[in-house]
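Chemist: Can you read through this structure? Questions will come right after.
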């Protein structure tokens with residue numbers, strides 16, 4: 001991902017304020033509520049029968065935290081996202097058979113959640129930088145599918 005120094009600073013400055021536990025669970029939960037067909041990848045997570053059940057599900061929260069942990073790692077390796085996400089790409093492609101379009105959806109949901117949490121601080125410039133990052137991460141996660 002090519003970010004200007006200003007974009008990189010904006011991304012890292014905001015990310016330093018992110019509560020990964022909270023935002024991760026909220027982002028994954030929103031993905032499962034807004035795009036219910038994505039729930040098929042989470043059969044083992046128990047009750048996903050309603051928005052309240054999804055958002056309160058401890059397995060959704062735990063996996064969301066794990067997802068954002070990997071995203072955080074990616075932020076430390078923006079120049080090598082494909083390498084950083086190679087194993088996760090292979091896992092999601094070969095073993096889990098996740099539609100790579102879902103990575104884009106999750107990235108966009110993450111941007112919405114960040115906007116919700118940070119309000120005015122999440123300026124259009126910050127959003128533009130995050131859109132580049134989530135697109136780069138989605139592309140890296142889809143790499144093994146090509």
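Backbone N, Cα and C atoms are what each Cβ position is placed from, and that goes for glycine too.
Pulled from Swiss-Prot, these are the listed features:
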- 1: N-acetylvaline (MOD_RES)
- 2-146: domain 'Globin' (DOMAIN)
- 12: phosphothreonine (MOD_RES)
- 44: phosphoserine (MOD_RES)
- 59: N6-acetyllysine (MOD_RES)
- 63, 92: heme b binding site (BINDING)
- 82: N6-acetyllysine (MOD_RES)
- 93: S-nitrosocysteine (MOD_RES)
- 144: N6-acetyllysine (MOD_RES)
Chemist: In angstrom units, rounded to an integer, how far apart are the Cα atoms of residue 44 (phosphoserine) and residue 82 (N6-acetyllysine)?
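Modeler: Residue 82 (N6-acetyllysine) has its Cα 28 Å from the Cα of residue 44 (phosphoserine).
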Chemist: Given the recorded positions 12, 59, 63, 82, state which is nearest to the residue listed as 'N-acetylvaline' when distance is taken between Cα atoms.
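Modeler: When the Cα distances are compared, 82 comes out closest.
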Chemist: Mind checking how the domain 'Globin' (2-146) divides into helix, strand and coil residues in DSSP?
Modeler: 119 helix, 0 strand, 26 coil
Chemist: Return the count of C-beta atoms lying within 10 angstroms of the C-beta of the residue listed as 'S-nitrosocysteine', excluding that atom itself.
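Modeler: The residue listed as 'S-nitrosocysteine': 17 neighbouring Cβ atoms within 10 Å.
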Chemist: Where the distance is taken from Cα to Cα, which of the modified residues 12, 82, 93 turns out closest to residue 63 (heme b binding site)?
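Modeler: That would be 93, nearest by Cα distance.
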Chemist: Specify the count of other C-beta atoms within 10 Å of the C-beta of residue 59 (N6-acetyllysine).
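Modeler: Residue 59 (N6-acetyllysine) is surrounded by 15 other Cβ atoms within 10 Å.
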Chemist: Helix, strand or coil: which one is the residue listed as 'N-acetylvaline' in, per DSSP?
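Modeler: SS state of the residue listed as 'N-acetylvaline' = coil.
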Chemist: I need the CA-to-CA distance for residue 59 (N6-acetyllysine) versus residue 93 (S-nitrosocysteine), whole Å please.
Modeler: 22
